[in-house]
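Working notes for the structure below.
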Amino acid sequence: MLASPEPKGLVPFTKESFELIKQHIAKTHNEDHEEEDLKPTPDLEVGKKLPFIYGNLSQGMVSEPLEDVDPYYYKKKNTFIVLNKNRTIFRFNAASILCTLSPFNCIRRTTIKVLVHPFFQLFILISVLIDCVFMSLTNLPKWRPVLENTLLGIYTFEILVKLFARGVWAGSFSFLGDPWNWLDFSVTVFEVIIRYSPLDFIPTLQTARTLRILKIIPLNQGLKSLVGVLIHCLKQLIGVIILTLFFLSIFSLIGMGLFMGNLKHKCFRWPQENENETLHNRTGNPYYIRETENFYYLEGERYALLCGNRTDAGQCPEGYVCVKAGINPDQGFTNFDSFGWALFALFRLMAQDYPEVLYHQILYASGKVYMIFFVVVSFLFSFYMASLFLGILAMAYEEEKQRVGEISKKIEPKFQQTGKELQEGNETDEAKTIQIEMKKRSPISTDTSLDVLEDATLRHKEELEKSKKICPLYWYKFAKTFLIWNCSPCWLKLKEFVHRIIMAPFTDLFLIICIILNVCFLTLEHYPMSKQTNTLLNIGNLVFIGIFTAEMIFKIIAMHPYGYFQVGWNIFDSMIVFHGLIELCLANVAGMALLRLFRMLRIFKLGKYWPTFQILMWSLSNSWVALKDLVLLLFTFIFFSAAFGMKLFGKNYEEFVCHIDKDCQLPRWHMHDFFHSFLNVFRILCGEWVETLWDCMEVAGQSWCIPFYLMVILIGNLLVLYLFLALVSSFSSCKDVTAEENNEAKNLQLAVARIKKGINYVLLKILCKTQNVPKDTMDHVNEVYVKEDISDHTLSELSNTQDFLKDKEKSSGTEKNATENESQSLIPSPSVSETVPIASGESDIENLDNKEIQSKSGDGGSKEKIKQSSSSECSTVDIAISEEEEMFYGGERSKHLKNGCRRGSSLGQISGASKKGKIWQNIRKTCCKIVENNWFKCFIGLVTLLSTGTLAFEDIYMDQRKTIKILLEYADMIFTYIFILEMLLKWMAYGFKAYFSNGWYRLDFVVVIVFCLSLIGKTREELKPLISMKFLRPLRVLSQFERMKVVVRALIKTTLPTLNVFLVCLMIWLIFSIMGVDLFAGRFYECIDPTSGERFPSSEVMNKSRCESLLFNESMLWENAKMNFDNVGNGFLSLLQVATFNGWITIMNSAIDSVAVNIQPHFEVNIYMYCYFINFIIFGVFLPLSMLITVIIDNFNKHKIKLGGSNIFITVKQRKQYRRLKKLMYEDSQRPVPRPLNKLQGFIFDVVTSQAFNVIVMVLICFQAIAMMIDTDVQSLQMSIALYWINSIFVMLYTMECILKLIAFRCFYFTIAWNIFDFMVVIFSITGLCLPMTVGSYLVPPSLVQLILLSRIIHMLRLGKGPKVFHNLMLPLMLSLPALLNIILLIFLVMFIYAVFGMYNFAYVKKEAGINDVSNFETFGNSMLCLFQVAIFAGWDGMLDAIFNSKWSDCDPDKINPGTQVRGDCGNPSVGIFYFVSYILISWLIIVNMYIVVVMEFLNIASKKKNKTLSEDDFRKFFQVWKRFDPDRTQYIDSSKLSDFAAALDPPLFMAKPNKGQLIALDLPMAVGDRIHCLDILLAFTKRVMGQDVRMEKVVSEIESGFLLANPFKITCEPITTTLKRKQEAVSATIIQRAYKNYRLRRNDKNTSDIHMIDGDRDVHATKEGAYFDKAKEKSPIQSQI
């Protein structure tokens, strides 16, 4: 009998151990083993380092076969491991390979040693990198074939080594068992065939060599495991991808029905009556309509002007008519003429790539009414899909993070135990070390103890001690001798004197002032700059270099060189000083101007005095280190995509370049060489891909370009989004990192405190007229401004303040711990946000209501709490937050205001006992009743909406509409008087103090002032600018509607704490802006040909002087680009366009072509300036965006915790409605229809209510959608007739369905909303089929019927009808819908205000660039169209370009605008910049919070699943399924249906089949007839999910009480047995039956063989079942609880 082998440490793998393992595995296969739950140990996976708990690795164990240390492989798999000298684990199959090579064969052992050797892996990695470098080269050297053959030989040798070491296929860990080896083998085979075959293969196959780049991934274990995680994420995203395709298909079909063929409508030149006869004759020629020169083109446009036949569509100029002719725009690739191109256009809209052009094209061709379609697709649908991807990825990331955390928790005890063992041996080791040292130093003893020297543990300890020393000992002696200056006493006195000066607080204050002044001097550089300014800046630079040099010298004297360079900030300061000195020395050397760029490093000196800056920089560096594998994987993918694109399309761009450029020159964006291909891939990842895809399809075709681009878009965006989530999580976990303790920050605080102390002293002395300031006052000043230490404050604290001081004893300890634990993860902690595991939504809302009542009753105490919870006495941001909270919350307490009315002390101290006093009190009470009356509030709300709505009529046509103008003037007067009256009533009711202490009333007061000023502005001509302040009137809406109040409060809470981080981000942008000024100032000027509007070639015009010399003959223009880097302000604006990817291509083109100041730009002469913009997008956009969103999410979670886990963007009423919404989402609210008694009707009822009938209807809907996809713009008459009859057939089928349901449901048919919807679809479909026969197909297009029928596809999203994955993905959106609607209301209000402001300021701007007939500010509707476009960050650069037309050469300031007195069409650049920048920031902030709301809903669901808590939703789902199994509401189901019922439930109550054993183990009570009660099943399933949870008893009691309330007449039947007992009885009966049969068999020998064959299997099965259920009974925890 063989013993079960157990691994003990590292044991050599021998033939004996091999036989032992084989016998053990064979035995476990034959026996009923108990180790089914055994899984591989994560720390012992292939490629990881062997943990140190397994001891040291002796020399004889390196590269030698060892017994597997993982119990899973040791007991279940026939494997062994091999370790290299780096302790890396390699696992091999122990079976013989190639039928002869056993693990002990010398050939196989040699190949294993080669394979595991670190040098072999390094050699392969170097070979791959060399191959990558040569694959990126366009012009290869002559010796390329030699190198390629050498690399091919290396890869072939590697494959042979792996084959001999691992085997080909059989067993675990074989060569072909690894997918990466499949890739490597396939690429090598392709390369051999292509290289040595005489045939010419397809060029595409030659690109297979680029797959070799991916070989970097398996050579790095971190990359390999990360790819596995991303593949797991992709699996979870499958449902999202399917739903995305579903919605894209629906919108594509709608687009086909609305816009098919419309984009071919163009303005065509049609001969007039007075034109010659020749032209009339030409129009009869069919080729005339195809000639492109007969179309109308706008100036500078490549494609003809689109038009439409609707009144709100684009109109043609005089002499042109709108006809359908020519091809579609954008080289024919933009259209809705077929399903494929419509899908392409919708995908482009969803990705929001260049949407403004498609948006304008459709509105020109079809009309502005279709703006609704774009709002739904570009904003709502795009937002929803992005939220889905982010939510699912966030869930996957958190699951992976939790999995790693659980693994580390399991392994931690082992490491702690090992650490204890090592710690116990420390004393003995130290004693032995001391003995050795004593013997070494003793002159008597020369021998050492051999047994001590041979101690392996002691040697290991000594090696660790040696490794801690960074430098050799002689370097420390050198530093002590030469770098520590303790010379003469005079030097020590001088050093002490310098130390006092340089370390004084005011010295640091002086230095920080110098740093700020230096930054200001850096920002003053501009172009053109006068000589005086240039001289001033140079002198300033010399002064600052001198100051920083003196600081360094004095600190070296005060601290010694050794102490000085021990501080990181001092090393950084010395680098800045050395750079400044080197720059001075090389100032006149040609080519050294780039040294000026390193001046930007001086800005980072602020981090020494700015803790937030310092901590964020540290968090950034730590995050990059932690995420190095993810960054490396992203770079590998970009490199591979660039090389693959270059190999696949490079030759096509060279051969077919004339297809995309009229001059047959390569465009800026192509893939002919590696660098341009790399830039193209980077542009795709930035979201700008459609224009380069058009060019690619022109030169290489659609079959290869579209798959390549889809691959880059999907995989690249997955990597970028995953990196973004990892950064957000990393920043969130780094927020507890404390700032480094430095004296400079403390000294700065002390200096500021002393200055304030002195100022207070002087003020007190002046005010009090005394000689001495009271000591208590001065002590208070010191206590406020002098803090202990800035280093103890975390990132989360520093993000909540603008000052550098922080009081550490202000916040409550409990709340702080809860917040810190919560913010460690993206998922809110359920222990904080959920107090009860069942019906958490209800309990939260109920508790919240109680809290609201308590807060209303104790308002004064709440204000005291606000003051106590202030995180810093000196923090301006915290003060602002507390004031906002007080003004917004305090003003809403009507009780507080009513108390103020009764007191009556704020409007005069009139005694209430006098007659006048009583009259005054009665007046105030009356006013209070009026303003508190609900009807008065509704009236004021209505007047507010009317006064806001009237602003929409004040457009450029108002002067032509005299009646409307007069009505609006009277309305303004009435509204003004009403609001003044309301203000006076509230003054009388509440008093001045109460009124002006409320923030909303202060806002109302400001709006009333605006009303008054606008009326005053109409009276005097010089006061007319006051009228434009009307745009502030809609702000009053905020104070009238609770939903907007809630959103504004939430935005203030989540946004104000980010100001400090926002300032840090601005500093990063400032660095890039100053760099841009140094690189590009004055270099964006170019000589423009006025006739063509294009730039002159540099070969014709070399510089500015040449251009000006041509100016005398022709009107040549030496113009500057509107977006430039001539100063820091322009640099910020240009960087904002790059950050929003609007106009960034134009800016980069100007930078790439720039040569020097006053030199004509040349095409791509400075191409590597792309690196500047790439670095800005990474370090100036991506990373700061991650930091900002991290802080916003942290504050979102903090305030959500304060509200008990409720959403901070919904009102109290909406929180109650939230429960109802969840109930609607989880259950079907319709009442069941009774089954008819008639047999025929009953049969039809059973048919239409069956699941099969529902499936058939869904299939019909899908087939009908597929039939619509066949339709095209240009198709044969036969196809049109066939599609007509197909639509008719579907209409008949849906009519039959409607008739069958009418027969089955009778009058109950119309009680179901979905049936009414289907009935209306049938009616409209029949009408749509019949109308064309009477009124013609022009008035009723055939697509109308198709769109009506398509509306039925919404059934796919129904709960319980469509796919379950759709419901799960729609759930978070629907649950967050109330909050989203509130936020959308605020967005609409912001758009309304900005639309009115735009009409007042930009209505008459010249139509150019982004301002055209569709997008302009002439009317309110057009302004809203523009602002919607800007809200999705599309095309605002073009609008700003048009507004920048303020010079006489660009616009006409005296132009007469018909119908109005306004003159000119010039813009106002400063107002335009403020307008667009502010709107972009506000809309970005609001939209980011929209994303956070939906993503947090996803994570809340994930949090509940993770913690195995059962919510009310889970129980609703349970009873919903129960209705299907118990339609008669008996509260019982048959035990035979229990298995199906458990499998039909949703997780976590779900039990997958086979589940009979688990159900029997639950030991459920059974009544007569083998029936089981609903409550018993629910309780048992709940206990199975929650286990031994401490909340179990409370949950059970709530379930029982809730069930009794819902079912007061419980049908009770006494249980007669249980499921476990019934199974035991059945097993016992089987055993008795088997014994009796055996007895009969022994007596009847003739029938033994036949009966034995029948019953033998039954005996074995019964025995196993009996053993299983005996074991289940012993182990069942639920049975013991019952």
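Keep in mind that glycine also has a Cβ here, set from the backbone N, Cα and C atoms.
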Checking Asn86, Asn426, Asn1103, Asn1507 against Swiss-Prot, the one recorded as N-linked glycosylation site is Asn1103
Identify the topological domain of Pro141 and of Lys993 in Swiss-Prot, and say whether both name the same side of the membrane.
no
Looking only at Cys664, Cys686, which is named in Swiss-Prot as the disulfide mate of Cys658?
Cys664
Swiss-Prot annotation N-linked glycosylation site: which of Asn486, Asn1113 has it?
Asn1113
Do you know which of Asn281, Asn1647 is annotated N-linked glycosylation site by Swiss-Prot?
Asn281
Tell me, from Cys1065, Cys1107, which cysteine Swiss-Prot puts in a disulphide with Cys1087.
Cys1107
Based on what Swiss-Prot says, identify which of Asn56, Asn309 is the N-linked glycosylation site one.
Asn309
Here's one to test understanding: among the disulfide-bonded residues Cys307, Cys664, Cys696, whose C-alpha is closest in space to the C-alpha of Cys1466 (disulfide bond)?
Cys307
Measuring Cα to Cα, tell me the gap between Cys267 (disulfide bond) and Asn309 (N-linked glycosylation site) in whole angstrom.
11
By a simple count of other Cβ atoms within 10 Å, which of Asn309, Asn1103, the glycosylation sites in the record, is least packed?
Asn309
Cys1451 (disulfide bond) CB neighbourhood, other CB atoms within 10 A:
19
Given the model, what does the mean pLDDT over the topological domain 'Cytoplasmic' (1505-1682) come out as?
67
Compare the C-alpha of Cys1087 (disulfide bond) with the C-alpha of each of the recorded positions Cys658, Cys664, Asn1103, Cys1451, and give the closest one.
Asn1103
May I ask you to report the DSSP-based helix, strand or coil state of Cys664 (disulfide bond)?
coil
What whole-number Å value do you get for the CA-CA distance of Cys1107 (disulfide bond) and Cys1451 (disulfide bond)?
22
I'd like the Cβ neighbour count for Cys664 (disulfide bond), meaning other Cβ atoms within 10 Å of its Cβ, all protein chains included.
10
Nearest by Cα to Cys658 (disulfide bond), of the recorded positions Cys307, Asn309, Cys696, Cys705, Asn1103, is Cys696
For the topological domain 'Cytoplasmic' (168-178), DSSP counts of helix, strand and coil?
0 helix, 0 strand, 11 coil
Under 8 Å between C-beta atoms and at least six apart in sequence, can you list the same-chain neighbours of Cys696 (disulfide bond), or say none if there are none?
Phe649, Met671, Cys705, Phe708, Tyr709
Taking residues 6+ outside the topological domain 'Cytoplasmic' (168-178), which of them lie with a CB under 8 Å of any CB in it?
46, 77-79, 91-93, 95, 97-98, 159, 162, 185, 218
Across the topological domain 'Cytoplasmic' (1041-1055), DSSP yields 14 helix, 0 strand, 1 coil
